[in-house]
Every structure is written in C-alpha cells, then in structure tokens.
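Worksheet for the structure shown next.
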Amino acid sequence: MQFGKEFVRRNSFYKCVINEEEGDLDSADVFELAFKGKACAIDHLRRKSPENLSFRDENGASPLHYASAGGHVDIIRLIVSVVGPEELNVQDEQGRTPLHWAVEQDQQQSCALLLELGADPNILNSAMMGPLHLAVTKRYNHLVEVLFQSSDKTDANLKGDLGNTPVMMACCGNNCQALEYLFKHGAKMCVQNNLGHYPIHTVAFAGAKEAMELVLKIGQELGYSSTAQINYLDKTKSTPLHLAVRGGNIEVIKLCIVKGARVDQQQCDKSTALHFACTQGALEAVKIMLSSYNKVEDIVNIRDGANQTPLHRATLFDHVELAEYLISKCNAVKEMLSDEDVEGCTPLHYACKLGIHDSVKNMLGLNISVGQKSREKKSALHFAAEYGRINTCKRLLETLTDSKMLNDWDEKGLTPLHLASRAGHAQVVELLLRSGALFQRCAEAIKSFKETSRCPVMDIIEFLPESFKHLLDRCILESDHDANSPDYHIEYDFRWLQAPIQLMKYSKTDKTMKYQPLAAMNAMVRYNRLELLTHPVSRKYLEMKWKAYGSKVHLLNLAIYLLGLLPLTYLILNLRPKQEVFGNNTSVIMVPVSFREKVNYFTDLSNPADWGAAISSLVFVIPMFFNLEHTWQWEAGAFAILTSWIGFLLYFQRFERIGIYVVMFGGIVRTLMCIMILFIFLLLAFGLAFYALMLHQDEFSSISLALAQTFVMTVGELNYQSTFLNAYENSRMAFPGVTYLIFVLFVLLMPILLMNLMIGLAVGDIAEVQRNAELKRIAMQIDLHTALEEKLPYWFLKRVDKPTITIYPNKCKKVLMQALIDGEIQNTVRTRLNLCSRQAQPLERELHKQKNRLKEMSSLLEKQHNLLKLIIQKMEITSEADEYDGPHNPGALKQPTSCSSQKSKWVPLLQAIKAKK
C-alpha cells in the first residue's frame, strides 16, 4: 500500500497514516482492518459511512466478531458506540456471538470488555455450545473465571449438546481447576443430561480419576456420601461402575470399587458391570470386581436379560484366559458350563459356533455333556458344522460315544450334515461322511418348503438341472437279476414329475390349491432342459401317459380324420361328371375347438392344414349337389387332396420313430422359407431379363411363362441346345451378346450358388436340426397330455395314472406295435443301465482332465500341509493356521496392503530350524 499525507490529530494521543486513495477503503476492508486493529482506518470508515461497521461477511460475521477475535478493545468500544449494544449478541451462520469468537481465540480482554458492555454469556451456537462450554473444553480456565467475574448473568448450569452442563464438560476433560470455579459459582451436582447421566457418570466414563475424586469430595461437602454418589443410577439404571468398565480405565474402576460401588447392580437389561468386563475381555477389571465381592459364586453365575452369565459373554467373544479364570472361581464348574441363556445355548455352544477350539478343548476336558441342545434342538456339533469349524468338529467327534448324536435332528429335521452342506463347507461334509453320517433324506429335504412359496422341484429344474438329473437317476431301480434273465426288471418312479392325482380332486373345492398337469415336464420345456426331457425316467413317464390315454385319443382322432380323407381320395380317383357324390364333414368340430384354443390353435401347422383341406373340400363338393360343373371346383379338389394328405402326414408327429423325421422336415421347411425372399427376387430379375431378350422363343412369350421357365432352369433343366443354341444358329436371338452374358450369370448364381446355398442351409447342421426336432416333438407330446388331462375326468385319470411302472425288458411282447407306438425294438443282448455315460464333447473332456489334475494337486498340497503341521507340532510351534478354525474361503481373505506388512506363518518354523543348526 502506498502511503501519502500524514494527518496528525491534535485531539488524540496518537497519529495515524491514511491511504490517500480513499476509494480503496470500503466494506470489503473493514473486517481485515478490525482483525488487525487498524483503529484509525476504522474511524475513517465510520466518518465516511457509519453503516460500514454493521456489514456482514459471507459467513454472517460482523466487524465486531473480528475485533473481538483480534483482542482490540478500542475497536470494540468504537463499534459498539456507533452501532449500538445490539451488535454484542449478533450471531454468524454458525450461531457464534463476538463472545464466542473471543473465547475461541483466548482473548481475555475482549471477553471482559464484551461482558462489561452487556454481552449475553448464555447464548448457544449451532453446536449447542456456550462461551462457558468452550472455555472449559479448551481448558482456558482463566476465561472461566473472567466469565463469572465480569458478569453475574453467567449460568454455571447452562445445558448444551445432549443436555451437558459445563460441569460435565469439565469432567470429560478431567479439568479439575474449571470444576472448582464452577462449583464455587453455583454449579449443581444433581443435574442430569439427556442420557440421564450425572456428572459422576460422565467422569467415570471419561476415565478422569482426579476429576472423580474432586466431584466426590465436593459432594461430601454438600452432604452426599461417596457410597451414595458412586451408586447413582441414570435412565438405564447404570451406575458409574458400569460406565467406568465401558470406558476401560482400570484406575477409575478401582476407585469406584474402593468408594463402595455395587458390583451386582443390574441395569435395565439386567447386565452388570461384570458382564461388560467379560464382553470386553478385561481380565484385570474382572479380578478387581470379584476380589471386592464376598460371595464370588453368586456374582459369577448372575444372569442378564438374555439369561447369559459372565462366562457366556467371555466365551462368546473368544476371551480364553478370562473364561479359564471364571471357571477357576466357581466350584460347581459343570453346573456353570451347563447354564443356558434365553436361546438355550451353553458356553460350549458359543465356543463351537465361533470356532474357539482352545475353549472347546478345555470344556471337553471337564467331561461336560456334549449332547445338550438349544431351544432350536441344536447340539454343539450342529453349531460347529453349520459354521464350518472343522477342528472343532474333529474334537467333538473324538469324544462322541453314541453315533446317534452324529445323525441327530434339530427342530427342522436337519442333521449336522445338512447344515454343513447348505453352507457349502466341503471339508466338514467330508469329515462327517467319513464318520458315518447318513444322507438318505433327499425326499424329505425337497418336501420341506412353505405352502406359499414356489415348489422346490421347479427351482431345481430352472437353476440346478444337473441336480435334478441326479434326482431322476435315483428314481430308476434295477433288480438284482442277470441283465438277460426274464425276471430282470427296472422300476421307474415318477414322484418328482407329477403331483399326486388326489390334488386334482381337492383343487376343485379348495381355490387356494393350484393343480397343473405335467408341471415338471412343462418347466423342462420352458427352460429348454433337453437332457432332462430325454432322461429315461422322463421318457418312460411320457410313454406311460401315451399308453394310458394319449395313443388312444390320438388314434381315434386319426381314424376320424381318415373318415374324411379316404372318401375324398375316392372321389378324386373315380369321379365322373354325372356321378352322385357325397362330401365329408371334417370341419364340424373345428370352429368351437379353434375358439377354445384361441391363438395357440393357429400356431400348430396341422390346424391350418386341416382348415385348408376342409374349406377346399367343401368348395369341391358343394357345387356337385346342384349339378354345377366349373373348372375351379377341380382346382379346389386338387388343393384339397394335397392339403389333406399333408395334414395326414403331420398326424404322425406324435409317434416317436416316425415323428422325429416329420418334425425335422418341418424345421427344414422353415429354414427354406427364411431365404425365399432372396430366391424370389433373383427369379424375378432373371425372368424379366430373359423375357426382354428372348423375343422369338415360345418359352418366354409372356411374363408368367418366362418366370416358369426360369424356375425350371434354376433346378437344373437348362435346355441349352433347344432354347439358346438353336435360336442362335437360326438367327432368332435378337441380342446374342447380352443374352449369353445374362445366361452365364444365371448359371453361376442360380443353379450353382443359390441352390447349393439352400441345400447347405437345410441340411448343413443336421445334428442340431435333429436335436431341436426332438425337443419340439417331446414338447408336442407334453402339450397333448397337458391339454387332455385338463379335460379328462378325475375318475378316468385315477384309473389310468400310475406313480411307478415296472418294465420287464426280456419278456415277450408285440414287437411290431411296440416299434410303431413306443419306438423301441427289443435287443438280443441287454446290459445294465449306465445313467452316467454320455458322449462328451472335446471341450468337456478337456475340462474333465483339468478337474482331475486340480484334484490331484489339491490332494498333494493337503498331504504336504499335514506333514508340515506334524513337524510344527513336534517342535511345539504355534502357527496362525492353528489359531483359525473356520471355513476356508480364499475370496474372503483380505488383500495385503504392502509386502512389508506380510508376515509368513512359516517364519517361526524357519527360525527354529536355523536355531537347531
């Protein structure tokens, strides 16, 4: 800043320097000038415009705030004299007055002057802190004295955040000097904060021993005994000892005990200070409290609201040393270890649940009952298996004398093996299986589901098809006879493919019950589970339905269709113009059927074929009743006989051996229809070109003939000599050069390229076509049986439906009918079923090899790991792996932050080996 003229004020004792550029001093500079104490500049701004002294900055602070923070009493007097005493209590955006600013900056003179001028010392800022709270918290004890000496309005019991008074703030900071000032100026000890704490509670939780002694001393002076003070209760009935244990200061805990704190005092949830100490694992605090109590056994076995003893808490939070100490203090050890909490769990249950194998080992060494169960009927082995505690499971299995406990159920009927399997603990499952755990409860597990939820069978088909395949494999039971013996039989169980037929009857009266025929089979089709649809059990199930009613209904339908087809064929072959003819009535029931099926009716190609045959037959026959003869009626007859026989062919889709090829043919036709647009445009292009060039040829005399001839040429009938060569030699070709060019392009594109493309698309991937055709044929069968079961009466289905069937494959049967209807031909030599055999793809075979290699490597690493563990045990070295008893989940391991922070668990072993050398 450039300084110019110097003005000497004769009526003052100082001289000041003022910037000659008066325009630079404005409201933006007043805050900085006030903080730095530029009194003459402030006075200049006042004379220029008194409003400058009442401006606010972006945070709502006034120049008085800055002057107070800077400790410039002359500027404070000047601003207050100009603006008025109202400015003394102005708050910024954080609710702070100039007095708050002065306390925060430890400006004693500013505080004294502001209080003398009338500032309110009891205003709270946005953090619910008054000037007195700030002075106590920041340990500006001289300001505490100033606040009381300079104003008689200062409230020593002013409540701030959470209702805390300045006394409580001093207790939190162990500020004994501030406490003396506060109690000297009227602070009360009986004031509670919003949590119900008295100052004695606050000082206990803060661990401030000196402050606690001072509070107790002052309380005694006021007539309150130390015993009464140290047992004050807050809203939760917690004593200062409770809060001292939570704070964790041993000296304060000792002081509470010395002053007469009750160790057995229970708060609202019936927890004592001993429970808290056991939860934290504070062994020294527990020893202090137990040493002060006469009847140790009573306090050790005291229970909280969850019916847990201190030993429960110590076991639950893995405090082994503390648990051993508690056990040593109780004579009735077995009784204490058998104590149950609200959930019926004992300390052993918690130790097994958390995998604290040292505690489990010590408890088992005391010969306690391993078979004691919780309220959920879970034993210690249930908890260890559910949470994957492999070492704990080993210790428990070593002590088991009754194998019944290994397969014991909880209240949901689950064994330890079920719980370990559900949680995915492979090692525990393997251990339990080796120990003799039973697992033949698959049916019970699947049937255990809520009635309001989805059926588990549907979930397995959708999400676990391999598991459902294994389930179907278990539904095939072969006899023990020789595979070629006449008594050899195979039993197929359909219980997982159909609901009990009785549900159909109940669903008619109970609207909440839903019965869907062939629900499992429809789910397989919906999720494209071909491997399940082609499973032997699924095939036999559909075969049972087909034999029971499907084949009979379909053959009846086929016979009715023949009643119309055969007379129509007879008329086409033998009709003469004057013969008496009778039409068929195959369309009588099709209209109501089509209305019932709606859109689904027309998605089946056989139904439009039936409609085409019926309509064209009527067009062919009806004119003959009136002795009318037209050419179009014979055209309709030709179309009728064509569509009728094609429709008759589609009826064979239901038969297994023949139907697969019919469905494959339909798939190939659909593929060809996809490229018909390409064919039509190329045919139209070359047909029009030949029509324009071949002017003197009868084959191309009209557009229709030209297109027909081009179509015939496309399939290979080029007729080159008669159509092109003779016309060229006889000079009947108007444009020979262009004609031959178009002809060459036609030969290259149409017969060679297009036809081979169509053939390749049609039959190129015949295996995939066959697979899709098989899936569609089975889906058609399922749709047929589903539609029939929805219409057939209950008494009929109850008679023909079978939950199981037994097949004797070596007994005599009607081979021809079996091959026609079922698609099976008897083998001369029969072998047993091999459900696991399947033609594997190259990728699957390679994956199988890699899996076997990984298993071998895993087994080898496990053997080496066990060997190293034996070496460590012999050398009496404790590794980190021995201290961990839980599921091995590599994805859950924390990534190391740096290489330097890693510490190998084999370092002690290497050091020991080095020392041996």
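Positions of Cβ are set from backbone N, Cα and C atoms, glycine also.
Where the annotation comes from TrEMBL, it is an automatic prediction and has not been curated.
The repeat 'ANK' annotation in TrEMBL covers 59-81 (among others). Long-range neighbours of the repeat 'ANK' (59-81) within the same chain, counting only residues 6 or more positions beyond its ends whose Cβ lies under 8 Å from a Cβ of the stretch, are 30-37, 39, 42-43, 46, 52-53, 87-88, 90-94, 96-99, 101-102, 104-105, 107, 109-110, 113-114, 117.
Feature annotation from TrEMBL assigns repeat 'ANK' to 94-126 (among others). Away from its own ends, the repeat 'ANK' (94-126) comes close to residues 59, 61-62, 64-73, 76-77, 80, 85, 87-88, 132, 134-135, 138, 140, 142-143, 146-147, 150-151, 153-155, 158, 160 of its chain (Cβ-Cβ under 8 Å, at least six residues beyond either end).
Long-range contacts of the repeat 'ANK' (162-194) within its own chain (CB-CB distance under 8 A, at least 6 residues past either end) are made by residues 128, 130, 132-133, 135-137, 139, 141, 144-145, 148, 154, 156, 200, 202-203, 206, 208-212, 214-215, 218-219, 222, 224, 234. As annotated by TrEMBL, repeat 'ANK' applies to 162-194 (among others).
Annotation source TrEMBL lists repeat 'ANK' at 236-268 (among others). Beyond its flanks by at least six residues, the repeat 'ANK' (236-268) meets 196-197, 200-201, 203-209, 212-213, 216, 226-227, 229-230, 274, 276-277, 280, 282, 284-285, 288-290, 292-293, 298-299, 302, 304 of its own chain at Cβ-Cβ distances under 8 Å.
When Cβ-Cβ distances below 8 Å are used as the criterion, the repeat 'ANK' (343-375) is approached by residues 306, 311-312, 315-316, 318, 320, 323-324, 327, 333-334, 337, 381, 383-384, 386-387, 389, 391-392, 395-396, 399-400, 402, 405, 408, 410, 884-886 of the same chain, each at least six residues removed from its ends. Look at TrEMBL and you will find 343-375 (among others) tagged as repeat 'ANK'.
Annotation comment: TrEMBL describes 412-437 (among others) as repeat 'ANK'.
Sequence annotations record features per position, and here TrEMBL assigns transmembrane segment to 553-573 (among others).
The feature domain 'Ion transport' is assigned by TrEMBL to 593-773.
Residues or ranges marked as transmembrane segment in TrEMBL: 611-628 (among others).
Beyond the transmembrane segment (635-652), the same-chain residues lying 6 or more positions past its ends with a Cβ under 8 Å from any Cβ of the stretch are 554, 557-558, 561-562, 564-565, 568-569, 571-572, 605-606, 609-610, 612-613, 616-617, 619-620, 658-659, 662. Per TrEMBL, the feature transmembrane segment maps to 635-652 (among others).
Per TrEMBL, transmembrane segment is recorded for 658-691 (among others).
The transmembrane segment annotation in TrEMBL covers 740-767 (among others). Here the transmembrane segment (740-767) has long-range neighbours at 668, 671-672, 675, 678-679, 682-683, 686, 689-690, 693, 710, 713-716, 718, 724, meaning same-chain residues at least 6 beyond its ends whose C-beta is under 8 angstroms from one of its own.
The feature region 'Disordered' is assigned by TrEMBL to 881-902.
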Query - Counts by DSSP class (helix H/G/I, strand E/B, coil) across the repeat 'ANK' (343-375) - result: 17 helix, 0 strand, 16 coil
**Report entry** Helix, strand and coil totals (DSSP H, G, I; E, B; other) for the repeat 'ANK' (59-81)
**Finding:** 17 helix, 0 strand, 6 coil
Report task. Tell me, roughly as an integer, the mean pLDDT over the repeat 'ANK' (94-126). Result -> 93
**Report entry** DSSP residue counts for the repeat 'ANK' (94-126), split into helix, strand and coil
**Finding:** 16 helix, 0 strand, 17 coil
